[in-house]
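Colleague: Copying in the features that Swiss-Prot gives for the protein in this structure:
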type	residues	note
REGION	206-228	region 'Disordered'
COMPBIAS	213-228	compositional bias 'Basic and acidic residues'
ZN_FING	253-275	zinc finger
ZN_FING	281-303	zinc finger
ZN_FING	309-331	zinc finger
ZN_FING	337-359	zinc finger
ZN_FING	365-387	zinc finger
ZN_FING	393-415	zinc finger
ZN_FING	421-443	zinc finger
ZN_FING	449-471	zinc finger
REGION	455-744	region 'Interaction with NRIP1'
ZN_FING	477-499	zinc finger
ZN_FING	505-527	zinc finger
ZN_FING	533-556	zinc finger
MOTIF	590-594	motif 'PXDLS'
REGION	603-627	region 'Disordered'
REGION	664-692	region 'Disordered'
Amino acid sequence: MQKEMKMIKDEDVHFDLAVKKTPSFPHCLQPVASRGKAPQRHPFPEALRGPFSQFRYEPPPGDLDGFPGVFEGAGSRKRKSMPTKMPYNHPAEEVTLALHSEENKNHGLPNLPLLFPQPPRPKYDSQMIDLCNVGFQFYRSLEHFGGKPVKQEPIKPSAVWPQPTPTPFLPTPYPYYPKVHPGLMFPFFVPSSSPFPFSRHTFLPKQPPEPLLPRKAEPQESEETKQKVERVDVNVQIDDSYYVDVGGSQKRWQCPTCEKSYTSKYNLVTHILGHSGIKPHACTHCGKLFKQLSHLHTHMLTHQGTRPHKCQVCHKAFTQTSHLKRHMMQHSEVKPHNCRVCGRGFAYPSELKAHEAKHASGRENICVECGLDFPTLAQLKRHLTTHRGPIQYNCSECDKTFQYPSQLQNHMMKHKDIRPYICSECGMEFVQPHHLKQHSLTHKGVKEHKCGICGREFTLLANMKRHVLIHTNIRAYQCHLCYKSFVQKQTLKAHMIVHSDVKPFKCKLCGKEFNRMHNLMGHMHLHSDSKPFKCLYCPSKFTLKGNLTRHMKVKHGVMERGLHSQGLGRGRIALAQTAGVLRSLEQEEPFDLSQKRRAKVPVFQSDGESAQGSHCHEEEEEDNCYEVEPYSPGLAPQSQQLCTPEDLSTKSEHAPEVLEEACKEEKEDASKGEWEKRSKGDLGAEGGQERDCAGRDECLSLRAFQSTRRGPSFSDYLYFKHRDESLKELLERKMEKQAVLLGI
């Protein structure tokens, strides 16, 4: 007996020495005997021991083989299950435990291990769940270190799971996810290659004696795809104290924090981990954490663009059924969340909170018809038009309607003749600032838009588009009074002013009124010292474009569409040959030839084409130069007579000589053309003789007119020359002229 007591004391001394050399393990991990096995290796290789130094891992004591108990099954040395935790025994009972071990030796039974001394803990019921099924793993392979960083959340203390004490695997100074590696998430890492980070073989649970969750057969994997993992387990014990009797045969387990119950212990454990701030399931795309795997699967649908739940009313899709049900409350009359100020109902609490905040700040924009709230006042006004129709703002002067008050305000400035924007170059006034900006480009000489047919350049793109319609030879708009046709509708509208007594355009300096804007613009040059129209053949400059045209005809012999002084044919010259001269004559500034009150008369020239005043003007405005009231040269007052240019007024005595020279040149050209036609057997010789006679008659009539006039005027001569022509002949000649120009 004394011999046996001595052996027990020796074992106690040996046990004390082993305890001093062994670190304290958490209560959830039990030491495992390693008799007959290779010594346990460090869980991390040499390359990774530096980053994982905070885990404070130390090798187990080397003399654990001296322990009298080993874990052996019946005839098998492989451990198949976790060791059962034993309640703590008092040190006085250790002798009895040792004696029992000796008796078990004698009977051939497997020995029980001696536990490390631990503080007293409450005893647990035999029906405890081992959370090895939800254990966490480390992926040791460096291939998984390329993942995305995951949001870190510290552990929150709770009544169920108190603040953890410092342990080798969960140190206090570090959060739950320590900064081991920027791509590594503790307690486990999710490979970025898989679409869903967790599968049925992600967790490798231990095999408890009575597993609560049945294990499914794992698929066979090759050695290349298997991942080497080291297990770090966390256990939460769920005993019968969580059980709640709800009646019937169904068992439910209730959370003591929020009193939420579950039919499965596993679901309750997952719920408790959520209270502690643990969300083990992470999204590989955005790094968002979730408590349950099903929540992660639902979240992954948002990244895949899949929304299986669709609203039948507005066809809006959602990823979850709960979101669809909450959305359907908007289409129903049931609004559970009501405003305490105005009583308006809302489907969501967030909408009610935002609505009440507007009441507090006084920024609510609520429709009085349907009660809808809008972020801005402009959106509310736009919405009111659906109930009341579009708001119309009527002009009290002309009964025009406008959609916006700003449009009506700009329109009223025209009736009041208010033009606040004045050009500093020419003094023209405008109602809108952008009109002044467009006009200023004419003074700068900027012409960026060019016609692709005739090469004429324009300042504005709209003017160029309007000009291109001239080349189409399509005049769809016709005046019902004079049967004149126009390319554009607005040109016809401006033409109709000619047939009325209204003269809306008035000069503010002299009070003279005009029925067209371009006539007023040309008149304004008379009050200024500017002479923008310059002759190409001499240094002469003119205020009006019409004066320049007359100067070119009289002084330099440049007739309509031709350069007779250069010996070119009349009216048959290709448009490309005269494009350079014509572009130089074209100016953006309009001209005024209607200051004297004259009747609209057709113009006829010796080449059989019609001349409409200034032929350098646009086609749709050429025919309107002489459409004014009748005029008599002798009866017109001196103040209203046409202002002639300096070349005609100062050198009027040389005008007949210049005209005689021009007539001689025309006769020579006509005789040459007649001789060519006869040599070729042309049957149109009679027409040439008629044109020759017409040229001689024109020259003779001009001489008679100059001899009877003290102050010769070329415009008066044109009036007497063409006063007997009819409008029908003018239109026919104009169509012939356009056909020649277009090569038809």
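A Cβ is built for glycine as well, from the same backbone N, Cα and C atoms used for every other residue.
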Colleague: What is the number of residues in the zinc finger (393-415) that are helix, strand and coil, as DSSP sees it?
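Modeller: Residue counts for the zinc finger (393-415) by secondary structure: 11 helix, 4 strand, 8 coil.
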Colleague: How about the zinc finger (505-527) with the zinc finger (365-387) - do they touch, taking at least 3 C-beta pairs under 8 Å (6 or more apart in sequence) as contact?
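Modeller: Counting Cβ pairs under 8 Å, fewer than 3, so no.
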Colleague: Across the zinc finger (309-331), what are the DSSP residue counts per state (helix, strand, coil)?
Modeller: 11 helix, 4 strand, 8 coil
Colleague: Can you tell me which parts of the same chain pack against the zinc finger (365-387), counting only residues 6+ beyond its ends and a CB-CB cutoff under 8 A?
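Modeller: Result: 342, 344, 355, 358.
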Colleague: Over the zinc finger (533-556), what is the model's mean pLDDT?
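Modeller: In the predicted model, the zinc finger (533-556) has a mean pLDDT of 87.
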Colleague: Counting only residues 6 or more past its boundaries, what in the same chain has a CB within less than 8 Å of a CB in the zinc finger (393-415)?
Modeller: 431-432
